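Per TrEMBL, the feature transmembrane segment maps to B:25-45, B:52-71, B:77-95, B:102-126, B:174-193, B:224-243, B:255-271, B:278-297, B:303-324.
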Amino acid sequence: MTGAAEATAPHGPGTGDAPPVLALAGVSKSFGAVRALRDVSLELHAGEAHALAGENGAGKSTLVKTLSGVHRPDSGQVLMDGRPVEFHKPADAQRHGVAVIYQEPTMFPDLSVVENIFIGRQPRASLGRIDRAAMHARAAELFTRLGVALDPEQPARGLSIADQQLVEIAKALSRDARVLIMDEPTAALSGNEVARLFTVVRALREQGCAVLFISHRLDEIFELCQRVTTLRDGAWIASEPVAGLTHEALIRRMVGRDLDALYPKLDAATGEVALKVDRLTREGVFTDVSFEVRRGEIVALAGLVGAGRSEVARAVFGVDRWDAGWVEVNGRRLPPASPTAAMSAGVALVPEDRRQQGLVMDQSIERNIGLTGLKGLRRGPVISRAAERDRARDWAIRLQLKFNRLSDAVNVLSGGNQQKVVLAKWLSTRPQVLIIDEPTRGIDVGTKAEVHRVLSELASDGMAVLMISSDLPEVLGMADRVLVMHEGRLVAEIPRAEATEESVMTAAAGRTS
Amino acid sequence: MTAVTAGRSTRGIVDLVFRARELSIVAALAVLVAVTAAANGNFLSAQGLKDIFLNASILALLAVGQSFVVITRNIDLSVGSVVGLVAFTVGDVLAANRGLGVGVAIVLGIVIGCVCGLVNGLLVSFGKVPALVVTLGTLYVIQGLDHAIAHGRQINAVDLPRSVLSLGNGSVLGIPYLPLITGVVMLAVGYYLRSYASGRDFYAIGSSPEAAGLAGVPVRRRVMAAYLLSGALAGLGGVLWLARFGTVVADDAHGWELQVVSAVVVGGVAITGGVGTVYGAALGALLLTTITSALVVLKVNPFWQQAITGALLLLAISVDRVLALRVARILRRRNARHGS
């Protein structure tokens, strides 16, 4: 790397004399009237981890899909080793040694781990049959190389997301991938899972693999990558070495302006207890969980993925049944397994998986926002469209939702805006207790700051907020108190003043400090 | 080390669940046969057994084809109509040309079946129309075609070549041809699905169509192939039908598609795709046929037969659901223990 001079040159020299393993040259791609990529160039070199930064809707996913053969560029070229190539389908890119780990792991839940790795490329014995022994031997070898203890015969259905990603990496390795593209691989991982992933990725890079890494967590970009390319609104902004770059500078490139504080936490006077959970147990999932959330307070529920945090939230809201203990809202006990009762007691749950649990993707913004309060929208026996629209407009403005028309389907919105629609949907019920699961997973810094601002305002208006988050800076920046879960138990309660990355992670990992 | 042992026990459980299905069908069959034989000794006579296997053959053959389709998360409702169409048209051709032999009959039947399968496959895989709608449509179209060709006529056994009829009634080494053909087809298809890379693709597609596409599996080609095979086997089934019954009208095998789907589901092929074997499906067909025969022997009102088939179907689906939840819970616990 030659230093800051190349920071603004799109085709700056790479780490060596060899042409980049994989490159895009002046690529543009439109979907209808939307110009997803405009004249974007990118160079991936062997042995280098390259970050792709940008807000949601900046074109990162389109770029990944262009490199992986899902989309074909309208103009411009994809180059491998300096020679133009055309990928017509994902299989073409794979044949050229490009492996992609998508945001959501793409597993076959019914097939075993080893079949997931080798599907379509199983080692063959005589007469074209699958050589199962060879397949298992190669899987074992891959797992040894990755340093993970996975059972190759286990069905993929039971794997944690972290393990699924390791299987995806094993898949890439088994293809002798020269380029590894990772689209937000860490979004669903917690601290030490990220560390394990990074160890594996570093080892691959040292073996000469070119890595393209996408993450909304800037710390990870600085930790893992040597170079970073920034996109904004589908256009190339900069490609530069990570060394010498500051967080603020990178955010400025992504957002195009300076950002106000990312964690605008307001101090709020805490009131009486709004939510009280007492010795709540669901067999095999979580045990003996007790805590309180007061009005005006933001309480974070931290822990590793799989520690049982979302499950506690689901049980409190009545989606899942609990086996023992009880839940009290404003002094009144909730009946078990009744979301209706929880809602009428003033509890709202914003789930983690927006696409599956939070939104009806192909319905309009106004319909989605209106869904939670249909009773209040009735004029006589019918639902008033005008009332629905009024309410949707009201919340869209309050949350600064970016949209064309309220009648647009939700699935055309970016991830951050979808999250705002989910928020609007629940806030329109005027809850007293808001349970929000991973409020900013997979959304960009700009929207993140806005979601944080909204949460902070809600709390200072007297709402009790329980926030589940795997994003440590978010937990530390937003919470008045941090509860930490480990393997289904609440293991620590840390006040804001004492909460540090170290104290939270120590508790989450189950070590006593 | 603990992770590995835990993995092994998980594998054991999951394996058991899959094998449990085939074992439990065999067990149900054994109980059914024992009870019926105790009530009526003739049930277990050589002739009685032969009848059951003859009756089950065509259903099992169709179930093998159907499970292929169902494993890819699709469905083929047109198989009953294809059997009817093939039985009649092939019978018609043979009656008009007495010189033709059994070989021509089989080839002709398979070709007609393949054409039907091709239409289904093209519409489902390339037209992206839901399989339920496509094959419901072709069910009626093929049925209508059958009626138009038959025009109220009937094919009689006396008009058919002897070689064709002996396919339905003859045997080799004491084993009738029909179950022999079904057995060979079942073993071949079962071996292919398990041991060939392209065979595993079908499971991958049914398990997650999107992931299959991203993994470079030729999804449309495989779905197309599944429909072609289902059509071809339905065509073969039509020829076997003609050979077995001799007398054929346009209404034959109508409504069979639901029996076939029942056999497949009872046999442990998940209707949501990705899980199941053709052996299970064939066993399911054998179980349903045996129940019918047993009810006849036990002099139970035949109307009960449908109710029992339905109850069995519900039982199979409930058992699947309960087992799936249990496995999920076991895996969840295991993950909770080895979560980090």
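Glycine is treated like the rest: Cβ placed from N, Cα and C.
Distant neighbours of the transmembrane segment (B:255-271): 18, 21-22, 25, 59-60, 62-63, 66-67, 70-71, 75-81, 83, 139, 206, 277, 279-285, 287-288, 309, 312-313, 316-317, 320; these residues of the same chain sit at least 6 beyond its ends, with a Cβ under 8 Å from one of its Cβ atoms.
A contact between the transmembrane segment (B:77-95) and the transmembrane segment (B:25-45) is absent, since fewer than 3 of their C-beta pairs, 6 or more residues apart, lie under 8 Å. Listed by sequence, the residues of this chain that lie at least six past the ends of the transmembrane segment (B:303-324) yet keep a Cβ under 8 A from its Cβ atoms are 17, 20, 24, 259, 262, 265-266, 268, 270-271, 287-288, 291-292, 295. If you look at the transmembrane segment (B:174-193), the same-chain residues 6 or more away from its ends with a CB under 8 A from one of its CBs are 50, 53-54, 56-58, 60-61, 64, 68, 71, 167-168, 199-200, 202-203, 229, 233, 236, 240, 243-244, 277-279, 282.
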